[in-house]
Amino acid sequence: MSLQLEPTAEEIQSQRLYTDMGVKDHEYKRIVQLIGRKPNYTEIGLFSVLWSEHCSYKHSKPLLKQFPSSGTHILQGPGEGAGVVDIGDDQAVVFKVESHNHPSAVEPYQGAATGVGGILRDVFSMGARPIALLNSLRFGPLATPHVRYLFEEVVAGISGYGNCVGVPTIGGEVQFDETYAGNPLVNAMCVGLIEQKHLQKGIAAGVGNTVMYVGAPTGRDGIHGATFASEELNESSAEKRPSVQVGDPFTEKRVLEACLELVKSDALVGIQDMGAAGLTSSAAEMASKEGSGIDMNLDVVPQREKGMTPYEMMLSESQERMLLVVQKGREKEMEAICQKWDIESAVIGTVKEDQQLTLEFQGQVVADVPVTALTDEAPVYDVPSEEPFSYQEHQQLPTWRPKRKDHNATLLELLERPTIASKEWVYDQYDHMVQTNTLVMPGSDSAVLRIRGTKKALAMTMDGNSRYIALDPYIGGKIAVAEAARNIVCSGAEPLALTDCLNYGSPEQPNIYWQLEQSTAGMSQACNTFETPVVSGNVSLYNETNGEAIHPTPIVGMVGLVKDLEHVTTQHFKQAGDYIYVIGEAESAWGGSELQLLEDGEISGKVPHMDLDLEEKRQQQVLGAIRDGLIQSAHDISEGGLAVAVAECVMDTEFGAAMTMENNAAELFSETQSRYVISVAPEHAQELEQAIPDARRYGTVTEEKALSIKTREEQTLILQPTDTLTHVWKGAIPCLVRSKV
Amino acid sequence: MVNVHVYITLKEGVLDPQGKAVQHSLTALGYEGVEEVKVGKWIKLEVAEGSDLDARIESMCEQLLANPVIENYTYQVEREAQV
Amino acid sequence: MVNVHVYITLKEGVLDPQGKAVQHSLTALGYEGVEEVKVGKWIKLEVAEGSDLDARIESMCEQLLANPVIENYTYQVEREAQV
Amino acid sequence: MKAAVIVFPGSNCDRDMAHALQDFTDVKTVDLIPHTAESVDRYDAIFLPGGFSYGDYLRSGAIARFAPVMESVVSEAKKGKTVVGICNGFQILLEAGLLPGAMKRNTNLKYICRTVNVKVENSGTRFTSDYEEGEVLRIPIAHGDGNYECDEQTYETLKMNHRIVFSYESDVNGSTGRIAGITNEAGNVLGMMPHPERAMETLLGSEDGRGLFTSVYHHWRDTHVVTT
Ligand SMILES: Nc1ncnc2c1ncn2[C@@H]1O[C@H](COP(=O)(O)OP(=O)(O)O)[C@@H](O)[C@H]1O
Ligand SMILES: [Mg+2]
């Protein structure tokens, strides 16, 4: 649509054209009040994207505020491209998670790929070199061809982008559940490393300074992506998408190297990526953070297509672009660096005193709006919250008990469940070794990367079991954080901080808002207990298909610090003859468990209990014992309970395990929280038992490659060769993917 | 059996990093006047003849061969010259 | 400017993993009688006209666009219909 | 010995390669050389690292082979200098015609990253003298286009002249003859898909890759350093 053909301000009002952009009637009125006149087409476009849920957090802001976000080691909490945490030696770790659910539902390969691209830019825009990528994925059951297509393409997209950029994808998680059949989740996390002195901010400071555009030219990609991400999916979603964003990892790699060089120059004042809502949000946010304004000349914005209008340029979500503020007079230095990396750059504007975002195009002012109206004045909704009936119903249900008696068969069936099965099929496609720092590769509780030149290492993980949260968002929220922390501890690291991605249905539904409220409250409490502040995150709402919301799915991405490489621990058994201990007692905790789902096809009842103080105490004990060199291997007990956990300890090893326990389904399969299975060299047994009083010896790592679990009366509960376990566990996903029926 | 040629290309306006890279490289190699390059796919299939041939081809393209969200396709049926 | 269409495919006798996968999937999807599938490239270029056009195209193909070790190419020049 | 590691736009194993040379061999100088460099003639060995040069758009290595620096790489190779291409580097050497054959997509059409068993088929080369013939190494692979293809005659020639230096113990990507690495006729140019530079430390899983770099170094020392 050319400029002349755009609807006039009057038409926008009289025909309520703003509603097509996702702006509500009362929001429109408020905009008119704020700018003192009717907005033109470009201006209403700016508001529509910045006031979308994706950019303004209008339904979630009050909830996010309750997260603890500071601490002595926190250098940057939420509000910038990514959170920053001090790890000593003048170094810091930088990380954030981002969702790309909606784009991935429509075009899975590109949706996932550009999700990776976006989160990388968030991290290197802080001045940090990306050192790791992780991802958390949710799909429907692999039984349908469309889900298999989504799954294969999403994984291929992540692999295609991350591998090319040369950042190892070292971890993540994948779960499958009916609830995601129409609305897959693709959350990507990036971790970067920085020398603290290079830390950058996205600010437009210094009146008279120059605004520069760096990176790929702008096309008509993904216009209204931010709005799109703030709506539920329906049949017309495919058409609505004007043009899917296509990622170009080769350009990203060059933009990355160029930016890491740019940030070393003192001529650079501020830098931010153009993410959701592109040029609009980066310009408005950079000005807003500094209380300044920006004048921009859109004629000089690098363009890929002919005849683009201001509206299109401002709302485009073309990938691989950055916005810089540079000291006046030093533009040439920046240009030279861009040229070296063969990246386009252009001087497109100036920082000014009045707090207006003013856009010129072909000699006319095409938009002139107060920056604060776009950002700070974005509406925040006090949404009604209502506990759903189902919650009380589940609470009242009598305790669920498994009916199966054949534990041997149950174990194999659990290992075959795609949610539990090995994800090797996925991570084999990710380059998880490039940069040669990966100490613990995908396949253990957390991935661990060494920091060259130091004795330190970083552990990282992503977790979030939505089944608990669906039944009980408050306890489920606590569990999500606790599980992530437990995974970090198992690898020998101390949890530092976390980033979170809140994937929910429509917050305008009181029941869903209640889920948000309860789960974030639970998460906050856990963060407080573990002293792991939330330093960054992302909110993805309206994850619904034709009115049906997904399970509430907050994903936690956590980073921990290994103080000494000696402490790095994995879940795999290390030596025959080592004693196997289980820490924590099993209770009959079945609500939301994998076994319940296996037996009933649905989840119900009360979720496992979560005592945060006990959780914290055990984490300290386990970490202490690891640091004291008492522990050979450590694995937390989660989906599928102890039997699955022990099976995972023997798989991919030359060993087996011989254990004795009660003939009790809870012992074997319950998902009681705050539990671990560890192995300990016999000479350390006594010391360990003192250090961790809740540790009970259950058996021994054996040379014989089989998992044998018996009762004290020598009744066999489980007997499976290690190879069978491995075969079933590793074969499950490839087999499902290959089946074309 | 007939030979079917399916030609797939990115839709107008969709970024084509491959095309861009090839164009860049051709220019660097000294080929002047190469203005636009698009890299697409050409799929050759040997398919059984039949009255529903067109319908079958179209359905194959939409279901599997092309990605209708970002790609367009055209096709050609090549029949042996009749004697 | 003229539009040039370059079609590249693996040489006869070179196994085509992509083609095989497509054929497999088509059969699995229930399309019967799909015998052979080859996945190749279709590169569209906008090139300056000139008497040496054919020579230029051939040289571009041999130097860059196709890998003569395993690929064959053909091309077509599309000229606007003359009035 | 002076080693050059070429950095193409999109290379991403360049630093890993430099670390391998610097930290685990006695090579004195290791320089990262940009793709725009005019000459690499002052180096004793030239390493083409892995990654996605030019995004691997069109075909892996196809565009990189025309990078300005390649002219000098080719002429040094013809003069008998040691040239090693790993992964994307191997693909570039194939495209440049310094080694015979071509790469196709892996048979499973997916990128594969995992540690595999690689057999030393010929320990009589300057790249493998520190290994035992028949030794099985644990070395990571990480590629989408590692399915080596050549015609029968080329394959016979490679085999007869012991130019197949490394092979996969099992079929991982569909390569003709399970070829993982080959040399040129003169024996001074090696291309291999597995990443020895990722197998330098037990801490990271394997140190079986060291032999490659030490062999290259020892070859240089034996031919350049006069011992009395
Ligand atoms: N769930 C959350 N918890 C904590 N911080 C959050 C959360 N969601 C978003 N944030 C923070 O709000 C800021 C804006 O987020 P976002 O709009 O996603 O960033 P971007 O513009 O880079 O996409 C970021 O600093 C982000 O870390
Ligand atoms: Mg951002």
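A Cβ is built for glycine as well, from the same backbone N, Cα and C atoms used for every other residue.
TrEMBL annotations: computationally assigned, not manually curated.
Taken straight from TrEMBL:
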DOMAIN    A:12-58  domain 'Phosphoribosylformylglycinamidine synthase linker'
ACT_SITE  A:His54  active site
BINDING   A:Tyr57, A:Lys96, A:Asp500, A:Gly537  ATP binding site
DOMAIN    A:79-194  domain 'PurM-like N-terminal'
ACT_SITE  A:His100  active site, proton acceptor
BINDING   A:Asp122, A:Asp273  Mg(2+) 2 binding site
DOMAIN    A:207-360  domain 'PurM-like C-terminal'
DOMAIN    A:443-562  domain 'PurM-like N-terminal'
DOMAIN    A:575-709  domain 'PurM-like C-terminal'
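Of the candidate ranges A:12-58, A:79-194, A:207-360, A:575-709, A:79-194 contributes the most Cβ pairs within a distance under 8 Å of the domain 'PurM-like N-terminal' (A:443-562). When the recorded positions A:His54, A:Asp122, A:Asp273 are screened for a Cα within 10 A of the Cα of A:Lys96 (ATP binding site), the ones that qualify are A:Asp122. Annotated pair A:Asp122 (Mg(2+) 2 binding site) and A:Asp500 (ATP binding site), C-alpha to C-alpha distance, rounded: 15 Å.
Under a cutoff of 8 A between CB atoms, and with a sequence separation of 6+ in the same chain, the neighbours of A:Asp273 (Mg(2+) 2 binding site) are A:Gly81, A:Gly118, A:Arg121, A:Asp122, A:Ser125, A:Ser282, A:Arg321, A:Met322, A:Leu323. According to its DSSP assignment, A:Gly537 (ATP binding site) is in a strand. A:His100 (active site, proton acceptor) carries neither a helix nor a strand DSSP state and counts as coil. Cα spacing between A:His54 (active site) and the residue listed as 'active site, proton acceptor': 11 Å, rounded to the nearest whole number. The Cβ of the residue listed as 'active site, proton acceptor' has 33 neighbouring Cβ atoms from other residues within 10 Å, across all protein chains displayed. Listed recorded positions: A:His100, A:Asp122, A:Gly537. Those with a CB atom under 6 Å from ligand 1: A:Asp122, A:Gly537. DSSP classifies A:Asp273 (Mg(2+) 2 binding site) as strand under the three-state reduction.
Those residues of the chain, other than A:Tyr57, A:Lys96, A:Asp500, A:Gly537, with a C-beta within 8 angstroms of the mean position of the ATP site C-beta atoms are A:Leu64, A:Pro78, A:Val97, A:Thr499, A:Cys501, A:Leu502, A:Val534, A:Ser536, A:Asn538, A:Val539.
DSSP assigns A:Asp500 (ATP binding site) to a strand.
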